[in-house]
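Have a look at the structure below, then the notes.
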Amino acid sequence: MPTRVLTPYVGSDGVQKLKVIDGTSPEQPPRGLVPPVLSGSVHVVRSLAQLRSKDKDIEKYIFLQQLKDADHNAFYHICLNNMSEITPLIYTPTVGDACVNYSHIYRRPEGIFVSYSDKGKIGSILRSWPLRDEARISVVTDGSRILGLGDLGVNGMPISIGKLSLYVAGAGIRPRSTVPICLDLGTNTQRYLDDPLYLGSRMRRVGDAEMREFMEEFMYEMHKTFPKLLVQFEDFSTDHAFEYLDTFRNRYPVFNDDIQGTGAVVLSGFINAARIASAAANKPLTDHRILFLGAGSAGTGVASQLMSFFTLNGLSAQEARERIWLVDSQGLIFDARGKLAEHKKFFSRKDYTGPAMTDLVEIIKYVKPTTIMGLSTISGAFTEEVCRTMAAMNERPIIFPLSNPVRLSECIFSDAVEWTDGRVVFASGSPFPEYQYKGKTHYPGQGNNMYVFPGIGLGSILSRASSVTDKMIETASLALADSLTSEERSLELVYPRIERIRDISAQIALKVIRMAQREGVDRSVALRDKSDADILEFTKKSMWTPQL
Ligand SMILES: NC(=O)C1=CN([C@@H]2O[C@H](COP(=O)(O)OP(=O)(O)OC[C@H]3O[C@@H](n4cnc5c(N)ncnc54)[C@H](OP(=O)(O)O)[C@@H]3O)[C@@H](O)[C@H]2O)C=CC1
Ligand SMILES: CC(=O)C(=O)O
Ligand SMILES: [Mg+2]
């Protein structure tokens, strides 16, 4: 069975060394270095039992990271066969705790740290990555806004690792093709600066001008070192998220998961939710009115993507924009309020000129939304009064508390069901269990970008896309919305079951490849003449599968 063993050998210099034999090595460890009876399929059962014997999720996280390191075939086999149990442990919510505590639970290096002091020689840092030719996808964070947890500095590394594990599990990207990166540009979080165990440079974050120069060099060297690499920007604070997406999207294959991935996944869930709500109210789809609590990279990214829901249903761009309202920490966003950050201007209301409106219930009574979306990081912001007000106005209120991790969710599923008397159409950023109410099982959706980025990545890699266009993101979203089975629709799910992620990723990848071709950004000429069926088959065959 593939297991990871350190075995001694004598090098050409005559010196005895140790080499690693793992699942990717054709060699078998010498007899005696592994137990006499160790079958892969039994070891998976053993590993799962060891995992389940642990009480705390953070211990399960540590166990799984060590299993991945020791035997990635067993790790991914367990992931793929137990997606709804394992995803919350390697991703949100547990990855949030892993990040917060990373400097304390750290075991061994995984990924690349690039520090501000490496400026001028970033290329040499990147070239030390041992699997340069195989690199295809990198998740890059600067740790400045990890989930809704704020500035975690280099403690953000587990988010890059976690997202890449989902690329492998969800879309069959080869483990050796993934490159987790955390940029070490300082932290403004005092408790980390004071923590003797903190793993990053002990300095406050560098200024915007310094960071800009650093990012120019970093992206140039990334492209030079890993010419076939797709870069996913992750959890940069909002101002930098927009800036670096705009700066690099036409120069390198890159996308921002929080702006574009989240936009795609929420559009998809909203399409399915709107169908349910509109049918119940017997009203046209174009009647929806969407209120966002939170106007950061995620809130405005989702709002922009939701414009296509209305334009695809026949409204003009202007009419689509008028269906959307944003609320930030100062309340409703409207022109007469005064100076606004650049990313908030597009959705700022021109039709409201009254006094500042800060109370969410008051804003809901004014806007009369069919849908509220939370991307605010404010735990419990969708109070009982908020949900009851939504339920009084709508036969099937759509309530999506999308902030991560679970403890920052704007409301919990069971409350939303109770407060709307079972009528809510619900999706949250982190998972909630299903809930029994008045004799019926209610199912929460998980509106998390994990449903789309694996397929977007796979499609971009296979088509060798030179850039990731807005249309590629939109088509990924529509493919996800269409992927529900009739059984899933009959249960009023708004997202497919996560257990089908590989199938869904293949469907998304097919659409992304086709759109890359239509947009003229594909470089894989061989795929151009193939039928959809052939591309789908090719996509599935390209997926790496764990071997036991
Ligand atoms: N489900 C998913 O797939 C995803 C979820 N997210 C989640 O979205 C959340 C936000 O991320 P991001 O946009 O990058 O973060 P930001 O910090 O940039 O945005 C937070 C927004 O919420 C607003 N806000 C803060 N406090 C309040 C308040 N009391 N009342 C109203 N609004 C408030 C902020 O206002 P102001 O602008 O005035 O500061 C800001 O507009 C995070 O929890 C993240 O985990 C992100 C990506 C994907
Ligand atoms: C899911 C995700 O990307 C976030 O919460 O930032
Ligand atoms: Mg994110």
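Keep in mind that glycine also has a Cβ here, set from the backbone N, Cα and C atoms.
Positions annotated as active site, proton donor by TrEMBL: TYR91. Annotation note: TYR91 (active site, proton donor) sits in a coil segment as assigned by DSSP. Long-range Cβ proximity for TYR91 (active site, proton donor), meaning a same-chain Cβ under 8 A and a gap of 6 or more residues, is found for GLY162, LYS163, SER165, LEU166, MET450.
Taken from TrEMBL, the feature (S)-malate binding site covers ARG145, ASN404, ASN448. For the recorded site, ARG145 ((S)-malate binding site), the DSSP three-state label reads coil.
With a 10 A radius on its CB, GLU234 (divalent metal cation binding site) counts 29 other CB atoms from all the protein chains. Taken from TrEMBL, the feature divalent metal cation binding site applies to GLU234, ASP235, ASP258.
Annotation source TrEMBL lists domain 'Malic enzyme N-terminal' at 68-249. In the predicted model, residues of the domain 'Malic enzyme N-terminal' (68-249) average a pLDDT of 97.
Here TrEMBL flags 259-517 as domain 'Malic enzyme NAD-binding'.
Distance noted between the C-alpha atoms of ASP235 (divalent metal cation binding site) and ASN404 ((S)-malate binding site) is 12 Å.
Checking the recorded positions TYR91, ARG145, GLU234, ASP235 for a CB within less than 6 Å of any atom of ligand 1 leaves ARG145, listed in sequence order. Proximity of ASN448 ((S)-malate binding site) to non-local residues of its own chain (separation of 6 or more, Cβ distance below 8 Å) is seen for THR92, VAL265, LEU402, ASN404, GLY429, SER430, given in sequence order. ASP258 (divalent metal cation binding site) sits 10 Å from ARG145 ((S)-malate binding site), taking the Cα positions as reference. Taking the centroid of the Cβ atoms of GLU234, ASP235, ASP258 as the divalent metal cation site, the other same-chain residues with Cβ within 8 Å of it are THR141, ARG145, ILE146, ILE159, PHE233, PHE236, ALA241, ASN256, ASP257, SER297. For ligand 3, the binding-site residues lying close by, meaning a CB under 6 A from one of its atoms, are GLU234; the full candidate list was ARG145, GLU234, ASN448.
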